[in-house]
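To keep things clear, I will list the structure first and then write my remarks on it.
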Amino acid sequence: MSSVAVLTQESFAEHRSGLAQQQVKVTALNSEEENDPPTYKEAFPPLPEKAPCLEAAQEPAGPWSKIRPIKASVITQVFHVPLEERKYKDMNQFGEGEQAKICLDIMQKTGAHLELSLAKDQGLSIMVSGKLEAVMKARKEIVARLQTQASATVAIPKEHHRFVIGKNGEKLQDLELKTATKIQIPRPDDPSNQIKITGTKEGIEKARHEILLISAEQDKRAVERLDVEKVYHPFIAGPYNKLVSELMQETGTRINIPPPSVNKTEIVFTGEKEQLAQAVARVKKIYEEKKKKTTTIAVEVKKSQHKYVIGPKGNSLQEILEKTGVSVEIPPTDSSSETVILRGEPEKLGQALTEVYAKANSFTVSSVSAPSWLHRFIIGKKGQNLAKITQQMPKVHIEFTEGEDKITLEGPTEDVNVAQEQIEVMVKDLINRMDYAEINVDHKFHRHLIGKNGANINRIKDLYKVSVRIPPDNEKSNLIRIEGDPQGVQQAKKELLELASRMENERTKDLIIEQKFHRTIIGQKGERIREIREKFPDVIINFPDPAHKSDIVQLRGPKNEVEKCTKYMQKMVADLVENSFSISVPIFKQFHKNIIGKGGANIKKIREESNTKIDLPAENSNSETIVITGKRANCEAARHRILAIQKELANITEVEVSIPSKLHNSLIGAKGRFIRSIMEECGGVHIHFPTEGSGSDTVTIRGPAQDVEKAKKQLLHLAEEKQTKSYTVDLRAKPEYHKFLIGKGGGNIRKVRDNTGARIIFPTSEDKDQELITIMGTEEAVKEAQKELEALIKNLDNVVEDSMVVDPKHHRHFVIRRGQVLREIADEYGGVMVSFPRSGTQSDKVTLKGAKDCVEAAKKRIQEIIEDLEAQVTIECTIPQKFHRSIMGPKGSRIQQITRDYGVQIKFPDREENPAPVVEPTVQENGEEGGEGKEGKDTDPSSPKKCDIIIISGRREKCEAAKEALQALVPVTIEVEVPFDLHRYIIGQKGSGIRKMMDEFEVNIQVPAPELQSDIITITGLATNLDRAKVGLLERVKELQAEQEDRALRSFKLTVTVDPKYHPKIIGRKGAVITQIRTEHEVNIQFPDKDDESQAQDQITITGYEKNAEAARDAIMKIVGELEQMVSEDVTLDHRVHARIIGARGKAIRKIMDEFKVSSGAIPHRSGLA
């Protein structure tokens, strides 16, 4: 409890009105003793009160006084958050930043309206308007998110906790809303009796008071309430609550004094009757004494100084109370009153008044003149300069107001004076060495002055050591301000004006490029646009915001450069348009993985060779369409290759049907509904209609031969109907009935189709209207089908309730896995509701509710499931544990397939982490086994290990079939003999060869270690895969042996003797001649190393097939023969003309050589001449 006298507006008015009567009485007493020295009351006469106000305040008599005022549905409350309790104290961010975002969020959440204002003491005043509930919620949010949170605990008996919570937690919620706190009550199983309260100091006090009141009411001990005027509470509590604490300790009574923020006068006592009576008597005595002895004086203290009188957490008020025994009453923060009331014994009021003035004047407010543009330099980067002052004088508060040429300082007088001197020195220094300039530049050029990611402006800032303020776009201001070193400011100003002038002379061009190409032109992480910008550095390229859906790309820069850039980008767009041709290829889903290939090898190869982009649908998608994008010819080539893969893998046929183009749209139906129903009915065949407007009548059907024939018949029949007399009717039925109407495997709907000859189309998951069923065909057939379906739907709408008996031992099977079996029954049988009795009850009655036919069908299905469960057996399948992971397959896919195919449950044993060592059988003596007889049975080597036994549950015949399927998955090992010298080629570079074979045949291939020199390679895998793997391995061996033979033939060597002076001519310029010979004859030609003296310098070695090597030799000798017929002559020329004869990069000399078909030797360097 705190005795800080911060009053509400109402209580303050009461104190002021009650003050007048007391003052009158005191004046009367003083008049009787004229000879006594003047009292403090006479020396400091109180302010006169207005008597008419008191009269006016009284309630008027008459009938009107009985009428109750109507409360407004919208209320307004003001909440004040003191500076020290503000969560966000950044003054520069007021009205923006996190604080504003939070207020907007609170308004959206609660529906209340919030208005923020900043008080002179930097406290936050928040006016909240709205309905009472909204205001209370908003208040709670404000406290939680804008005020710093404190916490406190209050201990009350455990049995009282439920009264704090209230019915359904209503009491607790109401208490949290009223006090704007979070109250945490320990769980019933927690022995703690401590209740934790989190919130503001004021809120915690209120909540604590309310909780203690609730506890006191429920306490079996005596409770008494004493009404004591609010102004005397501080005297009863004593300074720092010492007096009330001593009283509680002495009497053992709990005394609850309402905190200053709660406008209640009632003090609650709880305890034993005798001790409680003592406590009440003591408090009454204090109250009576203080009421008799104390008087008041009212003084005016500036509103801004009130907080200094109160002190941090009310400590100054407590200090005055402790020193003088006088209570100081401060008006509430939202009141404009500056009157402070001192209440105490007359002789001590003077001392208390001195203390109040001392506290009020202990802090001072001062200001320093400083141009507003210098403020941020005074603050420094991240507040470094200001931090130096505030660290020395932490009690000084320094405030900068934007747009004002002054700095306000607030704090202890001495500290403020020191801080003021330091800031004045800083201001003087900055004025002497800083300058600013303002220039006008059209705001449309500002973004260009800033540059990409601020490149231009940052360079200017760093180069001239200045600060440049460019107004944001929304201000539409032309004024740019430069601040910093005088010389730097002038240089920066000059450069910015030059840039602006240059921009005014530049040209802007709008280029129309479809938005879909923008991302491609920009490239991944902006790589492609970076290249364009590097190519045209003087051109600024601006793409529109993707959200604006604009096609206009703006180019800006010098006229010639803009034109060049335009042509370049137009060519790029033309290429993109050519490469953006797209075709869709429907491919059966099961063949997608084959088109992708192992590790994406197939699809990657097709993409690279056809130079197209190929997009496959996601694995979990129902789509079968593969989209190819690129040049038309390339897309067609890729499509042909993909279709070829599908054709190889399955018996896929393609037929063309001629149907008049005018019927195509009606056959396809709205959003493809009609044609999709034919494709689904005929095993998912693909039906391709020509593009609209092409005039072609050819429709292509692709799929398995049988399904294609079926689809062809249906399509032609439908086209015939459309040409003669097509009739369509729409029916509506609840989506949950559709599965039942269709029937298992489409049985029900097929029966209706066969009987009537009409086509019935149900909506797909993509259709918006899920209730619409379309019937089409001849009028007679459609009406007959409509009649049958309407009868079925009517029966389904007739809801009945039925029951059946199911043995409780089977109940679990239906309800496990969140009732999966029941969900499946509901889906299949028109949404029928099946209710099993609750677990723990021994009832065997199961209730079914739904359409009559659906209920009957569901009952039949439940009975089938029960029969399966009754006939269920469990068998064991022994397979060594080392094979279990292989049998399960990736993510258990193989085992899931078996459970689905055979309708069984398979349970694998727990993995044995540390297999027991094999125990040698003990030697028998006298016909008996060593040790105890029972142990011998456990160590029987023929009995299977527990970790090898797989349990299969289900019908016997299905369990046996599943067992065979499991055993077929056990890997088998075979050996293949492969010559040891070929092993490294089979393994391949970094194991790529063997890995490819293992992936292709889905087996494991083990090659023996090189040191074993073994020819045996082992292959392990499923029996079905081993034969293919063996054949593949042997084929690879044949390929390698053929390569070995070919290598031997290619290693024939031939040596040719040629004078070294002819070697450069045989090699040719940049090796052109020798490269041609090598390529033409497919040989390797090796010339001697000039630096190796051990080699014969006239020997040229040729390696390759014998025939090719000889042909290459003849070609070299032919060149040598031509060279030997040539003559050589030396010509003496003045060295000064050598450079001119040679020409730039040998161009002149090469022209002479080409013209006269001669070769020129090296001209000696000038230094080499005599």
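Indices start at 1 and increase along the chain as displayed.
A Cβ is built for glycine as well, from the same backbone N, Cα and C atoms used for every other residue.
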Which range of 663-690, 775-802, 971-998 is coiled coil, per TrEMBL: 775-802
Candidate ranges 28-47, 168-187, 248-267, 888-907 [criterion: TrEMBL lists as region 'Disordered']: 28-47
Close approaches to the coiled coil (775-802) from elsewhere in its chain (Cβ under 8 angstroms; 6 or more beyond its ends): 674, 721, 724-731, 733-734, 737, 740-741, 752-753, 755-761, 830, 847-855, 859
Three-state composition of the domain 'K Homology' (293-361), taking helix and strand from DSSP: 38 helix, 16 strand, 15 coil
Three-state composition of the domain 'K Homology' (148-216), taking helix and strand from DSSP: 37 helix, 15 strand, 17 coil
Residues of the domain 'K Homology' (505-574) by DSSP state, where helix covers H, G and I: 39 helix, 15 strand, 16 coil
Local confidence of the domain 'K Homology' (871-971) - pLDDT mean: 72
